[in-house]
Amino acid sequence: MGNYRIAVLPGDGIGKEVTSGAVEVLKAVGIRFGHEFTFEYGLIGGAAIDEAGTPLPEETVRLCRESDAVLLGAVGGPKWDDNPPHLRPEKGLLAIRKQLDLYANLRPVVCYDSLVSRSPLKPDLVQGVDFVIVRELTGGIYFGQPSAVVENGEEKAVDTLLYKKEEIERIVRMAFELARGRRKKVTSVDKANVLSSSRLWREVAEEVANEFPDVTLEHMLVDMRMQLIRAPKQFDVIVTENMFGDILSDEASMLSGSLGMLPSASLSASGPSLYEPVHGSAPDIAGMNKANPIAAILSAAMMLRLSFGLTAEAGGRARVWQALALGSGSRLGQRRPHLSTNEMVEEIKAAVLDYTAIAQIMTVYA
C-alpha cells in the first residue's frame, strides 16, 4: 500500500490524450493493488506559451519538485515554429530537465515478435532486438552558450559543447549498472577522433569500466549509427552524450516497427524523475481519438518500477498491454484501424482490474 503524488504535464498535440489514458490505467492499478495515486496538472511547451507566456512556468517547476514523479505527454507543433528561440515549446523540455537535474534518459528498444512485420528492416535483422540507449541529458551542446553575431555584415552562429568529468562519470556508471543486470555489455559512443569532449568521454568510460570487471566495454564512433541498421542485435546498453543520444535514439526507435509503442524515462539524481513516450505531439491527429496511448502507458509502467519500486505492478501491467495490444490483435491503428484511443485504454484498464486476466497473461508472458 502506498500514496504517490504524480505531476502530469500533458503538453501539446496528442499529449493530453495519451497522458489521460496513462492516468486512467494508473487509477486501475491503484484500485487493483491498493495504492493511492494523486494527479496534479501543469503546463509545459506550446500550451504554456499560449496561457502563461513562457514554455515552462515557475508553477510547473514547483509542482514537479513537490511530486514523487512526473508524467509528460509531448511538446511542440507548427503553431509555434516562427516564435523566437526563447519562446519555442522545446525550450520547456530542456528547462525542466535542467531544473530537475534529469541527467539520464533511458530508451528501451525492443522489437516484439508481433511487430516484426511492421519494421522497415528485414525480419531476421530485427527479431529479438532488445537494447537500451542511455543518453546524457543535462550537458553537451544543447546546454552550451550559443551566440549569434554579425561581423562586417556576415552572420555567424556559435554553439559550445562542454562536458565536465563528473557529468560523464555518473552517466557512464549508470550504463554499467544497467548492463550488469542485462547481458553485460556497454557500447560507449563518441567522436574521439575529432572532439576533445569525446576524448575525455572515452577516458572516463575506461576508468569506470575498471569498477565493473564482469561487464564488457567497447567504443564506437558516432559514425556507427549504420550499425543500428546493419546489425542491431549486437547491442545491449548504448551510452552516449546528449546530441548523439538524441539522434541515435530517434533512429533506433524505428527498429521496433511502431514509434507509438516506445516509452522513456529521464532520471534525476536527487529529485523526481520524468517519464514520457518517445513519440512527438502529432498535431495532425490531436483531438481525433486516434492517438496510440501504449507508449505513455508503458512510460507510466517504468515510473511504477523505477520511481516507486512497484515491480509486480509494473511487470504485470506490461504483460497486460502486450497480451491486449500484441497477442489479441488489438494494435491501435494497425490491426484494428477503428480501435480508438479510449477503447484501447478501456481494454487495458479492464484487464488490470480483472485478477483472472492478469494471472492468465502473466502465465503466458512470464
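Note that the numbers count up from 1, one per residue, in the order the chain is shown.
Glycine is no exception: its Cβ is also placed from the backbone N, Cα and C atoms.
Quick caveat, the model's predicted, so the values are computed rather than measured.
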Quick one: which of R88, R107, R230 does Swiss-Prot put in the substrate site with R97, R135, D223?
R107
If I take the alpha carbons of D246 (Mg(2+) binding site) and R135 (substrate binding site), what is the distance between them in whole Å?
7
R107, R135, D223, A282 filtered to the binding-site residues whose C-alpha is within 10 Å of K191 (site 'Important for catalysis'):
D223
Binding-site residues: A282, A286 - member with fewest neighbouring CB atoms within 10 Å:
A286
My understanding is the cutoff is Cβ-Cβ under 8 Å with a sequence separation of 6 or more in the same chain; which residues meet that for P89 (NAD(+) binding site)?
G11, D12, I44, G45, G46, A48, I49, P55, V75, G76, G77, W80
Roughly how many Å separate the Cα of A286 (NAD(+) binding site) from that of D250 (Mg(2+) binding site), to the nearest whole number?
21
Quick one: Cα separation, D250 (Mg(2+) binding site) versus P85 (NAD(+) binding site), in Å?
23
